[in-house]
Every structure is written in C-alpha cells, then in structure tokens.
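Q: Have a look at this one.
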Number of protein chains: 2
Amino acid sequence: MQVEITREYIEQVEEAIERQDREFILSTMDEMHPADIITVLYELDANESRYVLDQLPAEIGAEILSDLDNDIRSEFLDKFTSEEIARYINLMHSDDAVDILNEQSVQRREEVIAHIDNNEQAAAILDLLHYEEDCAGGLMAKELIKVNLNWRVRQCIEEVRRQAERVARIYTVYVVDDRDKLLGRVSVKRLLLSKDDTQVKDIYSEDVIWIESYKSENEVVNMMQRYDLEAIPVVNIQGRLLGRITIDDVVDVMQEQAELSRQLMTGITENVEEDDSVLRISRARLPWLIIGMVGGLLAAHFMGFYEDDIALLPAIALFVPLITATGGNVGIQSSSIIIQTLSSNEVMFDNIAQRMLKVFLVALLNAFIISILVFSATYLFKQDFTLAMVVSVALFSVVMLASLMGTITPMILDRFGINPAVAAGPFITTANDLLGLAIYFGVAHLLYSL
Amino acid sequence: MQVEITREYIEQVEEAIERQDREFILSTMDEMHPADIITVLYELDANESRYVLDQLPAEIGAEILSDLDNDIRSEFLDKFTSEEIARYINLMHSDDAVDILNEQSVQRREEVIAHIDNNEQAAAILDLLHYEEDCAGGLMAKELIKVNLNWRVRQCIEEVRRQAERVARIYTVYVVDDRDKLLGRVSVKRLLLSKDDTQVKDIYSEDVIWIESYKSENEVVNMMQRYDLEAIPVVNIQGRLLGRITIDDVVDVMQEQAELSRQLMTGITENVEEDDSVLRISRARLPWLIIGMVGGLLAAHFMGFYEDDIALLPAIALFVPLITATGGNVGIQSSSIIIQTLSSNEVMFDNIAQRMLKVFLVALLNAFIISILVFSATYLFKQDFTLAMVVSVALFSVVMLASLMGTITPMILDRFGINPAVAAGPFITTANDLLGLAIYFGVAHLLYSL
C-alpha cells in the first residue's frame, strides 16, 4: 500500500498516543510499509516513538529498527533494556542484527547476545561479529538456501519450502559439497522444471560468481554492478560458503559512498544532514574552514614578501583572484577525473607514462586557450603589454602545474591507502592557491625586472 | 567463472584474430561472463572486436551489446547493417533494445524495427519508444510475469514455466484483473506452497508498491531504495500494468547520478572518462574554466576601482586570497548540505523560516570562530589594529553571506526545475569570489576612512 503521510495524520497519531489509543495506531499502521512508519516516527519524539513501537507486532518492530538511521537508532535504543533489544534481534536478519550490536558498547553487546533465545540466530551473529564492518564479511547475512550436490530435486524443494520463511529473498539456491565448499548454483525455476528424482549434480550450473570475505565494500559494489547481480555468495579462503550479500545492502553502500565522497569534496568531515544540531553541523564544517584559513594566512604571509612590488605596481594585485580561482578550478577538475578512474577499479593496461602524457596534452591545450584569452582581455583592459604577459604566462604555468598536482595527489594518496577523494576538496584548492601565487609573483618579478 | 584478464591473454586473442583462429576465441570465451568479454573488447580495435562478436553465439552477442558503454556502442554499431542490429535486438530485453534504438538516427531506427522478426518483441519496443528516457516508463522493460486474479495455482505455475525463458529474473508474479489493472502480487514461493486448484484471489497479497510511468528517474531510485525493492511494477494513470523496472537498472542510474553530480560539482560539462580523447576531455573542461576566468577578470576590474587604496596600503591586497578562499569553501559546504536534503526527497514538515534560522546560527558560530582566529593572527603578524579589524569584519560578513547564498541558490534552482548540484561547483565559487571582494574592499574603505 502506498500512503502519503500528511501533517494531519502525524497530529492524529500524536493525539492518539496522548490518549493511549492503541486501536488507532494499530488500525492505521497495519497496512503501512515499515519505511513509511519510520517516516512517521521521525516526526515524533523519543517517548512517542517508543509507544508506537511497543504497540506494533514484534516482526514489524524488528523491521523498523533494522531500517532506522544509525544515529537515531543508537540514541533510541539507549532507553531499551538488553532483554528488549534481544527480543527484536531474534527476529531480524543476521546482518541487520550485527549492525545494531556493533553500535552498542561491548558490555551491552554481550548482555543482548546472552538474551537471544534462538540458538541458530545467536550462532550466526557470533560468527558475523568477527568481520570488519566495511568488508564483504561485514556486509553479508547468514540467511541463504544451499543444497548438497548429491541431493535430489524433491529434497531441494523440501529445503526451499523449509527455509522460505527465514530467507526473505531466495534469488538462487547455492550448491555445495559435503564440506560446504561452494560449487555452483541452481535456480528455483530450474528445480521446478526438473523431475523430482533428478540429482542436483545433473542440473546445477558451475557458473557462479562469488567474493571472498576479506574483500572491501568497494570491491563488492564493483563486482555486483559489473555482473548485474542481485546477490553474491561470500566464501572463505578455502572456498567454503559463509553467507550472502544482497543488492539492497549494496544500494545502501553506494548511497553512503556517494554522500561520503560529496562530503569529502566539500570539506565536511562528519556525516551531517540538515536536521542535525547546529553544534554538530558547525563542528563538521570547521576543520576544513580552518585549514582554508591557515592557507589564506600563509598566502598573505607569502605575498608580504612582495609588498613593495605591490605598492609600486598595484595592478599586479588585481589579478590575484583570477590566478587562485583558475588554479583551484583546474586542480579540482583534474583530481575528479583521476578519482573516477581510481574508484571504478577498471583493469588498466595503459602505463603511467601514457596517462601522464594525456594529462599533459589536455593541460597544454586548455592552458593555451585560457592564456590567449586572458592576454587579450588584460591588454585591452590595461593597455600594458608587460602586465598582460605576466598574467598570461603565470596563468599558463598555473594551469599546467595545477593539472599535474590534481592528477598526482590522488594517485599518491591511493597508493598509501588513503581515500583519494580527500584530495578533491579544499586540500587541492588550498595547495593550488599557494602554488598559483608563488608562480604569479615569481613570473612578475622576473618579467618586470627584465 | 571468475577469470582474470591478463595482458598475455589480450595478446593471444589479437594473434588468434590475425590468423582467424575461431576455435581459440570460442574455447576461451565460452566460460567467460559477458562483462569480462567486454573488458577484452575494450582492449581491441573496432575490427578485432567485430570479429570476436561475429564468432560468439548471438545470445552472448546480444548481452554484450546491451552492456557496452553507450558511446563505444554507438560508434561500434555504425559499421553494422540494420539487419544485423535487428538480429541482436531480437534477443535482448526490451529495455536494452530500446536504449540501443534511441542511440540510432530516426531513419536507422525504423529500418532496424522493420527487420525485427519476433512480433512480440517488436510490439514491446514500439510501446517503450513512446517514453522519455529519464522517466519510469523509459527505464522499464516489458518482460514480467503476470497472472489473472481468477486463475488457479496450476495455471499460474504453467505460466511461470512458459515465461521463465523470456524473463531472466522473476522476483515476483504480478496479479491483474481482466483489464490488466495491477491488484497485487504473489510470490513463486507462495505458489509452490499452495495447492494446485487454489485460486489466485485467495492467496495473493495486495501489498504491492508500484510507480506511475511518468515519474522521474530520481523518484524511481528513491522509491526502490526506500522500500528495499528488487523490482517495481510500472502502471499507467488508470493503474494498468505496463512493465517493470529491476534493481540492476536502478543501480546503473545511481552510478550515473553520482558521477553526474561529481562532474557538476567540479565543473566538467560532459560525461568524460580518463580514456576519452584529449580534445573531448579538454572541451568538457573548458566552459567552466572560461566562466571562472571571466569571474577572475571581473574581480580584477572591480579591484581596479580600489587601485589607489592598494598603492597606499598594499597590505590590503595580501588578504585577498584568504577572503576569496573562505567565501568559496563556506559556499560549497552550505550548498552541499542543502543539495543532499533536496535530492533525498524526504518529507519535510519543517518550515522555511526554521531552516533558515539554523543556517543562520551555524554560519554565525563559524563566522565568529574564524574571525576571532584571523583577527588574532593578523594582529600578531602585522601589528596593525585597523587592518586586523578590516580583515576579520570582512571575513565575518563573507562567511555569513556565503552561507546564505550557498543555501538559497540551490533551493531557487530546484524550484525552477534545474538540478541544484549545478550550484555546488564553480558557479558558487565564482559568485562568492566577487561577493567576498566587494565586502572586503567595502569594509576596508569604510574602516580606514573612519
């Protein structure tokens, strides 16, 4: 059911909570998707949300808790006892359960696990807790359907039926040997189309793409996108089937990565949203503003060496914004292109020399065009040949050097295992401001004293 | 099968093509995923790629053509006759077929359609060609499985079997009435678990989320992500089931959107990659560089009014990079936060006044901190109280105004239906440079003449 959540409805819910009207909550939310109920909860305060959650069936509550925004969830769960959390954890998919446990303190985590009464679930969770959150192992869930190579179709369909309750989305049935080594897959469709006493080994396909548990989130995304997969099995180093990652989790990872890279590019250090507190947004934004400020003060200090030149020839100062802005723009463009290549993780046979040659040629062409334009404009505007030469020669050098810096910095960061997107934001801009000024005043000093 | 494509293998393929060794191509590519074959093709020239494609079974060829990068594909297909293209189109999913046809000229498109000998496919394509590419109708495929409300389970399973070949991923079976109106869904699992003569109307679920064909790409992405869907049915305004969008296409849309927004933020106007030609990369980057250049020249022109002040007090010029850089950083941070809110399309009940108050408070806090720091540094560094006052007061105003501009510009663009991410890049930076300089020199003129 698709519902539109109106302000009136929120108000009705608030009134219903006030008068403890359980019926109103249950009857209106019965047909709602958990994602829509979450939208309603976000408009309520913590106590009101708690009241709503307590009225809903535990399965719906578990889905809601799985999908809540991390920050809000961890604040919200602080008011729950370990036993209450365990009751919901019991009903969750193992990957969501582990995400929630990872948000708790170590002591709290132990308490919650002790209260999980479904043994299979507890074992799955303990297993998943071993993996780092941002690797394939940390993304996978234990819920999947696997059948043995030697089973017959009848037994497989039996297994599908048995597991169907627990595994929300089947997608494919994995085929393993007696030691749980992943051998291939067989679709439910294929099982349906085969005779009951056919053996799995006669109908399964070896054509299965898997990923090792230690691979990074990024590799998971690339792999699932490259091969258009809706689920990917995760294996250990011996090829044993450990779990499965589904596309909905990968979509969330992609969204997070896109936001993260946008934030890195804009110099925001924490994951903030518009509805976070003033202090939090301010704190997330300050570090890069301060770095930019230090860069600006360094620029002032540096230009101080040329204060006499400026007094003599104030026209020089007029072109400072042109120089710094162009350096910044070119640097960000260059880093953006190389970061895209680095993150797409494509097989690249081109060697470094060839790539650098291309960077050099693009820079040369753009530097040439921009310099000619600026030379003409400055000459027309100031009627000063030397000044026009100084500005355009400096600009030419700035474009060349900013391209080089913008390309090399992300490559170096990537080599050292640092997210190269860091280099696309204020870092490149600040560095290029200083570089640009050094070139500009250097050229001015040189050409004017000729 | 997971293969690693080595340089040696590419060379072997090239040699095999040279000596027309069909066997080598077929035997080594037989087990390869089409996505891996594409990686090989990208390393070959057009004629070599054509040779490889001609050797492969037509079904594999169709998958490869579906997955090729648009630009490369449209160049590659220029060398094919309409009949040859139609042979592949026959074997594709309807959505991929339409994507390819949309890349052809109108005349060529007609020719290809005339050669499609599968009538069902031709009808599906003609239907899909009506929709704009970037709306739900343009993303959907006609392949799906639907059953009538009055059918029995036996007949449904029959239909699933019949359609299984044509529909790669079933996910769910849609339930419609006699007039094809979408009523709900029933899972294959559920069909399997039910008795053969049960009627669909007794087991189906009305709990289905659909989208109208005219909704935008962005709404499709938000919807599928919000409700964790792997497929969404598309209906017309009367609720008739038209087609289905699957998650793999949405993942591609998300990737494109992330790249597009990164490019908008960095002032690159076309979708370029590192392996595009020098001319193309250069052309994509120039427009914003020129806009930045014009901004820089305007700044020079503007500062020209204060040339005498600069000659008298060259220290003023030293802080120009600090002012412009801070204005740019603050502006980009502000626009980034508001763009995130706008694109996430969340229900927002907060009114504009409240949100502006928060923007104002964050700006005030950061402006205050930055100004105090800059005042202290400038005073220590220059021992000039008036100068320190001028720089810090100007900086304070710049932070406040840049925050406001960075927040309001994307909102205005969004209101006029322009992608607000346009405002996050060089546009905001250039505007803020000019704004910052105006404030700075205005303040300097005011405070010094006091």
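Even glycines carry a Cβ here, placed using N, Cα and C.
TrEMBL annotations: computationally assigned, not manually curated.
Straight out of TrEMBL:
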- B:140-203: domain 'CBS' (DOMAIN)
- B:204-260: domain 'CBS' (DOMAIN)
- B:286-306: transmembrane segment (TRANSMEM)
- B:312-339: transmembrane segment (TRANSMEM)
- B:359-381: transmembrane segment (TRANSMEM)
- B:387-409: transmembrane segment (TRANSMEM)
- B:421-448: transmembrane segment (TRANSMEM)
Q: Take the domain 'CBS' (B:140-203) and average the pLDDT across it for me.
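A: For the domain 'CBS' (B:140-203), the model's average pLDDT rounds to 89.
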Q: Within the same chain, where does the transmembrane segment (B:312-339) have neighbours whose Cβ lies under 8 angstroms from its own Cβ atoms, ignoring anything closer than 6 residues to its ends? I mean 6 or more beyond.
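A: Residues 261, 265, 299, 303, 306, 359, 363, 366, 370, 374, 378, 382, 384, 387, 390-391, 394-395, 398-399, 401-407, 409-411, 420-421, 423-425, 428-429, 431-433, 435-437, 439-441, 444, 448.
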Q: For the transmembrane segment (B:286-306), find every same-chain residue at least 6 residues outside the stretch whose CB is under 8 Å from a CB in it, and list them.
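A: For the transmembrane segment (B:286-306), the nonlocal Cβ contacts are 267-269, 316, 320, 324, 425-427, 429-431, 433-434, 437-438, 441, 444-445.
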Q: Six or more residues out from either end of the transmembrane segment (B:387-409), which same-chain residues have a Cβ under 8 Å from its Cβ atoms?
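A: Tertiary neighbours of the transmembrane segment (B:387-409) are 315-316, 319, 322-323, 326-328, 330-335, 337-338, 356, 359-360, 362-364, 366-368, 370-372, 374-375, 378-379, 420, 423, 427-428, 431-432, 435-436, 439-440, 442-444, 447-448.
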Q: Mind checking how the domain 'CBS' (B:140-203) divides into helix, strand and coil residues in DSSP?
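A: The domain 'CBS' (B:140-203) comes out at 22 helix, 16 strand, 26 coil.
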